[in-house]
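Chemist: Before I ask anything, let me first share the structure, which is written out below as structure tokens.
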Amino acid sequence: MSLAASAGRGPGTMWSPTHVQVTVLQARGLRAKGPGGTSDAYAVIQVGKEKYATSVSERSLGAPVWREEATFELPPLLSSGTAPAAAAATLQLTVLHRALLGLDKFLGRAEVDLRELHRDQSRRKKQWYTLKSKPGKKDKERGEIEVDIQFMRNNMTASMFDLSMKDKSRNPFGKLKDKIKGKNKDNTSDTASAIVPSTTPSVDSDDESFSKDKKKKSKIKTLFSKPSLQKTPLSQSMSVLPTSKPDKVLLRPGDFQSRWGDEGDNEDESSSASEVMSQKRTSSTDHTQPNQSNFSLPKKEGLSFLGGLRSKNDSLSRSNVCINGNHVYMEQPEAKSEIRESSPSNSPSPQGFRKRHLFSSTENLAARSPKEPGEGGGMSSDRRLSDSSTKDSMKSMSLPSYRPLTTADSREGLSPANMEVATKETKDSKKQESKKSSLLSLVTGKKDVAKGSEGEPLPPVSEKEKGRKGVLVEAQLREEDLVRRPEKDAVPVASQWGSSQNPFEDAQISDLEASVESKCEPKPPVPVPRTPQTRAVKPRPHPVKPMNTTAPKITNSSLGTATIISENLINEALMKKYQPSDPAFAYAQLTHDELIQLVLKQKETISKKEFQVRELEDYIDNLLVRVMEETPNILRVPAQTGKKAGKM
């Protein structure tokens, strides 16, 4: 924003520059003073009493280039046009030729009135100025010089000028400070008011007897009503505001003993007055003694309560001290320590012994059970018998009831005890089958079954008797089946007594029994046609023992472990291995949850940084707008900064 835009505002709205920056760029058409039509030219810049000189442009052919700048402080340009102000606001440019011997030779000079240049409503003026001769000499062609002049306002120097004004009016707070300082220098009432905080003392209860003497009261009043101890309102405000409420002062007759004694000698007081004074002194001393004890004993008491700092042999700790009717005993921390020592964690109480014994007994049982199987032999054998009986009962339920074990293979595969049991079973089965055949022959009435009684004729049997006999036969067959089942159940139990207790051998025996059953299939003992009414044994749904369920479980578990191992191997192969020098090595060892937490933290920090960057950008934008409005000349400075001219 230039002053040309604000030309219509009038001189009242013009701003006053504090500095001027002069940049000497170049010159042309200079007279040659050196050999070969050259010159070693330099320029001198002067405003008021300050001078600056540029560097020497050696052997220039009448067109030296300097591009050097100098800054001068200006007086107020808008003041009235007096002679000193006009001389201080004139810019003088002098071009000289440097001579090796003697004085430098004059090439030309130019003068610029800065007030007129500022009134031209432009902050920056760049133009060519013609060089002239010295005043009083004939003008010649001396060439031109190009100068860039820029007016500036430094706010710091302007504020310094404002602060240095002597006729500036003081604010009321400054006047108040001056008054307070003057009072402190002249009077000593502030110190007196700080020493004596209040003029209305609180009288102690022992001073009631002193109220009879009116003369003494008047003397005390006159003592405190002296003008040297009175407060002025200013000193009172200074002493009361920064401090808290002062404590009350207890006045005793003993404090004014010497003053009253002197006055008593001067006035020749009676003997009654001296007796009163002696009574007052004794009462004051008696009054101060309990106060001293009250102030001293609580300190010791407080020290004694802090963790038992005193030893047990201390006389004060042993004695029962009575302070204001309260007995203080020093052995309370010891009682607390005794209570702590009698806690169940440290004391060997019977409950603690019982708990420890229980824990140790359970640990011993848990430790001995796998190591010493022989100690609990009775219990383990009973459990094994029950388990084996349940297994064999399941086997017998799954096998058919009419199984004969009479083959040689079965005898070879079994132990001698099992062989005897098997032979007994075959004999019993033969007897039962013969009984069945005889009963069936009786029921059906066929003659070919009864071979022994061929010649004896059978008596005729009615249909009712046949039905009754069939029912009886069915009942007998059911009873025989019930008796036969527990016998077969007991056979493997007896065989297991002699066999080993290894579960794998049990599985082998069961497999052998299954193979024996498959080899020796049961044959019908007698081809006798049966009616549905006389069928004794129902066919079982599972004539063959079911397959062992442990085998597929083992295979499934082995397959699962194999798949897990293969998956782990694949994952290890797919995982990329990082070297310790790689920065990714620090993150390769982290778990999934740790990586998620790390990402969230990084995201939070990035958001905070983005917020800070946004705030800085907004601040810079606002600052740039402010600079453009107030001092746009900063933005007009060219990128190439000129050299500084040397001060002369």
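Glycine is treated like the rest: Cβ placed from N, Cα and C.
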Chemist: With respect to Swiss-Prot, which of the residues SER349, SER369 bears the note phosphoserine?
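Modeler: Comparing SER349, SER369 with the record, Swiss-Prot tags SER349 as phosphoserine.
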Chemist: Labelled phosphoserine in Swiss-Prot - which residue from SER16, SER347 would that be?
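Modeler: Checking Swiss-Prot against SER16, SER347, the phosphoserine entry points to SER347.
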Chemist: Ranges 105-125, 483-503: which does Swiss-Prot label region 'Disordered'?
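Modeler: Of 105-125, 483-503, Swiss-Prot gives region 'Disordered' for 483-503.
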Chemist: Once the chains shown are all counted, how many other Cβ atoms turn up within 10 Å of the Cβ of SER438 (phosphoserine)?
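Modeler: Within a 10 Å radius of the Cβ of SER438 (phosphoserine) lie 13 other Cβ atoms.
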Chemist: Could you tell me how many residues in the domain 'FIP-RBD' (576-638) are helical, how many are strand and how many are coil under DSSP?
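Modeler: Across the domain 'FIP-RBD' (576-638), the residues distribute as 48 helix, 0 strand, 15 coil.
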Chemist: What is the number of residues in the compositional bias 'Basic and acidic residues' (422-436) that are helix, strand and coil, as DSSP sees it?
Modeler: 15 helix, 0 strand, 0 coil
